[in-house]
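Database features (TrEMBL):
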DOMAIN    26-130  domain 'Cadherin'
DOMAIN    131-239  domain 'Cadherin'
DOMAIN    240-347  domain 'Cadherin'
DOMAIN    348-452  domain 'Cadherin'
DOMAIN    453-569  domain 'Cadherin'
DOMAIN    614-719  domain 'Cadherin'
REGION    807-835  region 'Disordered'
SIGNAL    1-28  signal peptide
TRANSMEM  734-754  transmembrane segment
Amino acid sequence: PAAMARGAGWRAAVHLLVLMRTWTLVAGQVRYSVPEEAKVGTVVGRLAQELGLGDAEERRLRVVWQGRRAGVEVSGASGALVVSSRLDREELCGKSAPCSLRLELLQERPLRVLHVELDVTDINDNAPLFPVKEEAFNIAELSLPGSRFPLEGASDADIGANAQLSYTLSPSEHFRLDHQRNDDQSDSMALVLTKPLDRETTPVHRLVLTAMDGGRPSLTGTMELMISVMDANDNAPQFNQSVYRIKVLEGSEVGTPLITLSATDLDEGSNSDVMYLFSRRGATQVKEMFSIDENKGEIRLRGKLDYEEMDNYEITIEARDKGTPPLSGHCKVMMEVLDVNDNAPEVWVTSLSVPVSEDAAVGTVVALLSVSDRDSGSNGRVQCSVWPASPFVVESRFPGSYSLVLREALDRERVSEYEVEVRAEDGGKPPLRARRVVRVAVSDVNDNAPAFSQAVYTVVARENNAAGAELARLWARDPDEAENGRVSYSLWEGGAGASVWSVGWRPASSYVSVDGESGRVWAVRALDYEELQVLQFEVRAVDAGEPALVGNATVQLFVVDENDNAPMLLPTTGGGPGLAPPLGPVAGSVAGASVEAVLGQDSETLWAWAAWGAPAGQVVAKIRAVDADSGYNAWLRYEVLEPRGKGPFRVGVYSGEVSTARALEEADGPRQRLVIVVRDHGEPSLSTTATLSVSLVEGGEKMLAVAGSSSSNVLLPAEGGLTAAGAASASTNVWLVVAICAVSSVFVLALVLYGASRCAPRAAVLSGPAAATLVCASEVGSWSYSQRQSRSLCVTDGAGKSDLMVFSPNLPPPPPGAAAENGSIGNGPSPSPLA
């Protein structure tokens, strides 16, 4: 019945404490109270409801344990903190009061840490317990009334009122119980002799010592005292004080002397010889940690003191004489262990969210850290930092809880992974440190557009290349990874320079194509310099990211001329081959004629007249030819192929003027047939021929008469006769000198400008189709023009020759938005001179 009553009372106390549980929210911490031994499933607190967390199951709220589990968990359905297993306050906290458990609740969506303090309140579930069931005493028969015999009190695992013990002794006429509470709240209990003993009457006294706690209902424990009455030695050793207090540093060396005790015995002889022992009732841990010299009473350290395991020891010492029977005196040594900084901080990673996107916002929580130090006071106060300097920082909102937070923007192309070392340092002297390395990988986002090494590429290709020939390779670099860094190439038709001017604007795709994977630029068809001299187009590089980013580059393709066109004779000024120019009046004193001849095909023969007696240098005809090529390939040279040797006529090497080599005589015959070859300066040289038949007549009147009856392929002397021809030749020579000087000046200026353009940086390079003229001059001199879109300055000196090709683009204005779409164009290489 008593047990049933106690059980009913205990259940009533549990229900009462559960109903009276409270929680408070102070500085972000939640405090709950729950009695020990509460039933599994008992609701400790409705976290989700009381903290306004919403759906606990969706937010994935759970308890994070760092050590021993406390027997509570979060209910996934209701979000309540419930008892999940047996709660034993004595097992969790021992004698500590209050028993406060610090829990960390991790909310994963979004990531958040809640701190809960759970107070486990005590109930009276532990009865007082004596060290032994039976205690034996040997008391001398001659012991005087008032003699005291120390007793070991009972212990109660509960705390507070439940552990407040009171003692009662079974009735005895010889003994009474003296129970006193010391200033340090420890109990001093002794068995006091109230009446002299008579061994012959009662040799053994059996008493029952009962301990009762202050719980409701109270619980009791008992110990039997068996007192044997001994004869003779009637004085027990006595210490000079009953309690000794000492302080010792933890970690002291083994063998360190702690204290020397001394006890005196008023007896004589062997009855006064005292030896010192640990009390038989002393804890085993004390005997393992300390040693005592039986003769001197010196206590030495036997093991290693650790403040974190036990911060104080209570050592009971017995001084026993050698009488028969031996008598004992007792004292207590209260030893306090002083903390030293012998424990380094400990760092744990409780949660890690990796990889981190490189566009993560500043303030993003990367990891949750738990830091602790087993030392106390300043030795246990820990500060955390990140080393080396990185985009991360540790922040603390509660003691022992830290967050690794992003403090600045990340760039995966600069650093793809961080080894963040979290350093913890306590406040001891000297301080102790700990570190924990956290690897944080950075995931890629498409934040880098493909970039070419040059904004403008200059490509030189010879005409008549094969279709499909590779012209250039372009490569764009994208520092992103995977799909974000995979680049494809294309020819963009929308650029301002993506067409060429020849017979009209044509798309660049009709000339070139770009391989999408390799960036290889190849010719769609054979290039013809006479059709195309400069082609400017734009190549785009696009990555495979989402959204895709674009880079572009301008390609300037210069076509180099090949000597693939032979010189061609120009048609006559009269409208076609075979027609003579109109005749003008001829001076009566003309000795010869200067006629411009316009020649046709190789097979045709042209006619001209010259008067007998014409002086040397008299121009009788002029042959005109043109070459569709450019530069040296279009620079023409005239030679007399037949007759060979020294004939009466010669031809100007570069002018094509046929003139008398000496004065004409009747011995030269009535007619001279000349075969004139026209060659260009290409490699190999190409040529064409013209046949000129010169009739020798007497005077101008006969020339007019003959001209009137001749065929249409007739070359007549020009108006003014020999005198006019000489004046024209002199005037031509003057202008030729002026032209040579001008061309030389332009050449020198071109060289200076070219050198300056190669050395000085340019903000942009623009290129495109533009009409240009090939100008060729020599010291023997004539001008020859061809319709080209490149501007060339050609100078020759005798047998040696040099040719400088100057490309001067003249682009039409770009379409609206092209400049913004292309971005700024960097410096491109200047075209090299072509020799």
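Every residue gets a Cβ built from N, Cα and C, even glycine.
Worth saying up front: this structure is predicted, and the values here are computed from it rather than measured.
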Helix, strand and coil residues within the domain 'Cadherin' (240-347) as assigned by DSSP: 10 helix, 48 strand, 50 coil
Overall pLDDT for the domain 'Cadherin' (453-569), taken as the rounded mean: 87
For the domain 'Cadherin' (348-452), residues assigned helix / strand / coil by DSSP: 4 helix, 57 strand, 44 coil
Residues of the domain 'Cadherin' (453-569) by DSSP state, where helix covers H, G and I: 7 helix, 55 strand, 55 coil
